[in-house]
Amino acid sequence: MKPTAPLRRACARTLLAAGLATSLALMTGCAKSEDDSGGDRGASQGKDAGQVVASPSGGTGPSCAIDAYGGEKRDLKSATVGFSQSEKEANPFRIAETASIKAEAQQRGVKLLTANAQSQFSKQISDVQDLIAKGADLLVIAPLNSDGWEPVLRAASAKHIPIVTVDRKINAAACKDYVSFIGSDFVEQGRRAADRMIGATGGKGEIAVLLGAAGNNVTTERTKGFEDRIKEKAPGLKIVFRQTTEFSREKGQSVTENLIQSRPGIKGIYAENDEMGLGAVNALKSAGKKPGAVKIVTIDGTRNAVQGIVDGWISGVIESNPRFGPLAFQTLDSFARGEKVAQDIVIQDSSYTKDNAESDLGKAY
Amino acid sequence: MTELSLAPGAVDRDRALRLLQDYGVYGGVLALLLFNFVFTPHFASAENFRTQAVQVAPVLIVALGMALAIGTEGVDLSVGSVMALSTSLLSLYLGYGPWTATLIAVAGGVVAGLASGALVAFVGVQPIVATLASMVAARGLALVLLPQLKDVHDPGLAALGSGDVLGVPHLALIAAALALLVAFVVRRSTFGRQLLAIGDSRPAARLAGLPVRRVLVVVYVCSGALAAIAGVLATARLTASDPTSLGTLMELSAITAVVVGGTPLSGGRVRIGGTVAGAVLIQLLTTTLVKHDLPPSWTQIAQAVVIVAAVYAARERGKR
Amino acid sequence: MLTVTGLCKTFPGVRALSEVDFTARAGEVHALVGENGAGKSTLIKVLTGVYQPDAGELSCDGSQVRFATPLQAQQAGISTIYQEVNLVPLMSVARNLFLGREPRGRLGLIDFRRMHRAAEDTLRAMGIRVDVRRPLRELGVGAQQMVALARAVAVDARVVIMDEPTSSLEPREVRTLFGVIRTLRERGIAVIYVSHRMDELYEICDAVTVLRDGRVVHTGRLAELDRLRLVALMLGREIGEVREEGLTKFTGSRDTAARPVLEAEGLRIRHQLDGVSVSLRPGEVVGLGGLLGSGRSETAKAIAGAVPVDGGRVVVAGEPVRAGSTAAAIRAGISLLPEDRKTEGIVPGLSVRENIALAALPGLSRFGLVDDARVDRIVDTFMKRLRIKAAGPHQKVGELSGGNQQKVLLARWLALHPKVLLLDEPTRGIDVGAKAEVQALVDELADDGLAVLLISSDTEELIEGSDRVVVLKDGAVVRELTGDAVTEDELMRAIAAVPAGGHDD
């Protein structure tokens with residue numbers, strides 16, 4: 001071998017390592033980002049932002065009690081609760097969801113164990129098994145998938161651990177494999193968005209739909225609710241444009257740019273999440289449109305979108321409330337004390353319009 | 001030579017293929033433009049061309065760097081992640097003002113390129129593997145620095161993203177300037193000539209005493225820097241830093257633009273004009289399908305058809 | 001055992017084999033020799049079913065056969081041992097030996113105990129002692145080759161073809177290998193042995209077939225053919241056929257007292273060079289003689305820094321040159337015209353102009369930008385001076401003829417004003433006219449004071465072109481021919497000479 005080669009290679013390696021180290025130090029050491037108008041999102045959430053149940057507990061739907069599920073009564077205060085989050089806390093919804101669970105546990109003085117599956121289902125399964133092994137007495141799970149939960153459910157039912165799933169259902173027998181599901185009705189969200197759109201446009205004209213990622217149940221349900229309601233209530237509104245922009249702001253922006261040029265007469269845009277809606281706002285702004293010239297209705301209720309209503313760009317935001325903490329703990333508490341709880345707890349999502357946007361901006365996440 | 005013995009018909013066919021490879025992409029752009037003028041309402045407006053120019057700018061800039069890497073018989077898969085890294089750094093340092101933040105973002109791209117280049121040139125890792133490593137690392141680092149989408153309120157950046165000079169958007173101007181610069185470097189500089197020689201025949205370049213390693217490192221540094229610039233521009237346009245989704249699959253779009261533009265994957269040739277036309281072609285294709293509200297999967301199928309056609313033309317040429 | 005008659009094989013533009021008759025007999029080691037391009041590898045590929053012959057017959061054990069695929073040849077009992085062993089490096093020695101025919105126990109599982117025992121027996125019978133459970137790649141190259149041989153024998157091979165088996169072996173491993181070959185011979189297996197190492201041929205082979213330009217020029221018992229005659233046959237020259245007229249062509253009166261401009265001392269590359277020293281004076285053409293594989297190209301590449309060396313040093317005009325760096329060698333004034341013009345010389349996709357300017361670019365640039373006017377001047381000068389025939393400076397080099405490509409390469413180096421020019425086969429594959437031009441050019445350059453090292457398989461060219469000839473054999477200098485001794489006769493004698501110290505190189 002060339003005698004200089006290893007030396008040079010070592011040199012390159014050292015340089016590389018040194019470069020990486022310095023750049024990291026630089027990045028973390030003297031970073032100075034722009035002032036964030038949003039401030040601390042997790043901390044600023046008020047109690048009033050908690051969820052309200054749409055169907056009253058123990059009412060019409062099937063319910064569940066501890067005698068049927070197995071296990072013994074206990075006081076939640078002395079118990080340990082495990083929470084398994086599905087995706088990285090990289091979007092406002094997940095951030096608010098985790099923060100809400102943590103805040104509620106702290107307030108109630110309950111010991112909380114958390115895990116994050118980083119969008120890998122196999123990791124979520126082992127996460128939950130770990131939580132059980134670490135001594136969780138009750139579980140709150142935000143499932144990544146609906147299927148494939150048998151191994152976890154078997155382990156949990158052997159120990160009579162009550163499970164509450166939030167924001168997505170799992171395919172298993174309620175009150176046998178798990179206690180309750182707490183979540184939004186995405187079809188209903190779509191219907192309400194349609195109502196807002198009808199109100200904003202006056203029920204006539206051409207509108208466009210920015211679809212979420214293909215093959216996602218949220219996308220299909222929000223689309224179904226919206227389209228059905230439009231067909232039923234406002235036949236004058238025509239959906240002339242449907243493109244997927246994958247829940248991303250950037251794609252929402254580029255597609256909308258093309259949309260408003262090829263169809264200048266478009267009256268409304270329904271975006272299936274806030275990010276795509278904000279992208280559409282960007283596109284309208286740079287095209288020189290005036291606020292309100294094209295009516296935009298979105299779903300989720302993030303702070304940026306609600307701010308968009310205040311600024312006049314967005315006509316309505318249907319909330320999809322991520323603050324499962326209070327309701328989840330209330331359900332577990334009632335259940336542990338021996339009371340009946342509903343198997344399906346559909347939450348009441350609020351909505352933001354011009355009338356309440358400014359005052360309720362603090363509620364947005 | 002062999003050409004002399006070929007029948008006239010074969011020569012014609014050969015010439016047709018060569019023309020197809022050299023100018024097919026321009027023909028494609030022209031055809032799509034004509035189609036849209038006739039069938040797409042409101043297509044022939046200045047506003048529309050501005051939009052297309054702005055939308056194509058980031059892909060185009062990334063494709064310029066990719067063309068250099070492909071010219072050396074390599075490839076740079078890390079461009080999309082470098083864009084994400086760049087947007088994270090930009091957001092993180094915006095407190096120092098947009099210029100400083102942009103400089104730091106570009107420096108991040110340079111460092112990422114340096115890492116890929118060192119792996120390729122000194123350690124001898126294949127470019128596809130080396131840049132795959134940088135791709136994963138840069139995206140990871142971007143998300144560590146900025147885990148979620150963050151709005152950018154800086155008025156300077158917003159002006160960069162949506163402003164114009166005499167009706168030409170800033171983004172389009174910057175992309176055009178960079179394309180001219182890269183074309184000039186490839187045609188006129190020592191570095192450009194050496195790059196082509198290395199891509200065409202590495203053993204010959206080595207025996208001719210060319211600084212093969214240095215050239216390779218510089219190529220990946222350029223690619224990283226250009227990707228970082230594209231990241232800054234994309235951020236300015238979006239007025240938000242979104243490291244989770246910015247630049248995903250950008251490497252594929254860039255490679256497509258380069259290959260469709262007639263730059264062979266086997267190196268030794270860099271066609272900047274073709275690359276620009278390739279990026280425009282893909283943009284027009286997407287736009288056409290969006291404007292006619294066809295399902296997005298059609299766009300992907302159409303892109304695939306274009307790539308296969310370009311690769312087929314290149315292969316026919318190589319066999320000769 | 002294996003016979004071919006009237007074999008012909010033509011590739012586009014080249015007649016690789018014509019009317020070749022060849023017979024490998026059972027229990028005989030048959031040497032197949034010839035210089036580059038003589039047709040050895042084509043013949044082997046026809047024998048092993050890689051190529052289909054255009055004409056001629058193949059017969060095995062008296063019955064006519066036809067191998068459409070290498071597999072068919074293997075099934076007929078013809079095994080080939082390549083230089084690079086084609087076994088599975090991560091599997092154990094025993095598994096490699098029995099690959100595809102493992103002894104099965106009950107349930108159809110591999111019976112490892114039986115397999116290991118059988119493997120040990122097989123290898124011991126051939127005089128090889130290794131742990132058969134170890135993965136093959138942990139063994140030395142020689143031992144791996146032994147395993148490949150053992151496998152060939154174990155699958156009932158009746159003809160074993162060995163292509164340069166000793167090229168990467170240590171002397172000790174060579175001894176073991178020869179032991180194995182003798183065992184094969186005793187078992188009645190026909191061995192076809194391809195090598196350039198004269199001493200090995202005479203030690204192990206019984207018969208010999210010499211190929212030249214696709215034809216058989218000699219076949220018979222090796223013992224009946226003396227070394228000098230064998231060399232003459234391979235090179236295609238007759239002994240005693242002194243060419244006086246050739247000697248007059250160059251000026252023999254170069255200043256032999258001048259200080260050498262290039263001194264290379266003790267160059268060593270494992271398995272390839274063993275302490276080669278060469279020195280060149282300004283205005284001198286030194287030939288590097290020897291057979292294929294004697295280390296000629298390696299010497300040139302080592303001097304030019306194109307291959308990493310294990311030892312030795314190169315000094316140009318009193319200044320030592322950093323080893324293993326082409327850039328350093330070029331800066332010192334050493335230029336190499338590589339043997340493989342197409343892959344290591346020209347950059348085919350670039351124009352004549354770019355190719356000529358390539359190495360000199362940094363000197364022709366200001367602030368990193370190429371000074372096109374100066375490039376044009378230089379390109380123009382050299383295209384005229386070397387009479388490069390091209391449609392213009394912008395034609396692609398890949399489209400030029402071989403002779404013009406070679407001239408473009410010469411121009412590339414001359415543009416750098418080198419002190420030392422290393423020419424590795426400068427006239428191979430170019431037509432007669434261009435050949436004479438290149439030869440005249442080399443003479444002219446030497447007259448201008450350039451030191452030239454010339455490597456050529458064409459003995460006539462080498463002898464006529466050189467003032468001195470350094471003869472290499474098995475990676476070492478065996479003789480230096482000077483003055484009146486620069487003749488083809490002396491060259492062949494030097495190549496054929498039996499080493500003084502027996503077989504220990």
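Residue positions begin at 1 at the first shown residue.
Every residue, even glycine, has its Cβ placed from backbone N, Cα and C.
Just so you know, TrEMBL annotations never went through curation; they're auto-generated.
The feature transmembrane segment is assigned by TrEMBL to B:23-40, B:52-70, B:102-123, B:128-146, B:166-186, B:215-234, B:296-314.
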Inset, instruction - Determine whether the transmembrane segment (B:166-186) and the transmembrane segment (B:102-123) share at least three Cβ pairs under 8 Å, counting only pairs 6 or more apart in sequence. - result: no
Inset, instruction - Residue list, the transmembrane segment (B:102-123) vs rest of chain: Cβ under 8 Å, 6 or more residues beyond ends. - result: 74, 76, 78, 81-82, 85-87, 89-90, 93, 130-131, 133-134, 137-138, 212-214, 216-229, 231-232
Legend entry - Interface-richest range of B:23-40, B:215-234, B:296-314 toward the transmembrane segment (B:52-70), CB pairs under 8 Å: B:215-234
Legend entry - For the transmembrane segment (B:23-40), distant same-chain residues with Cβ under 8 A (at least six beyond the ends): 260-262, 274, 277-278, 280-281, 284-285, 287-288, 291-292, 306, 309-310, 313
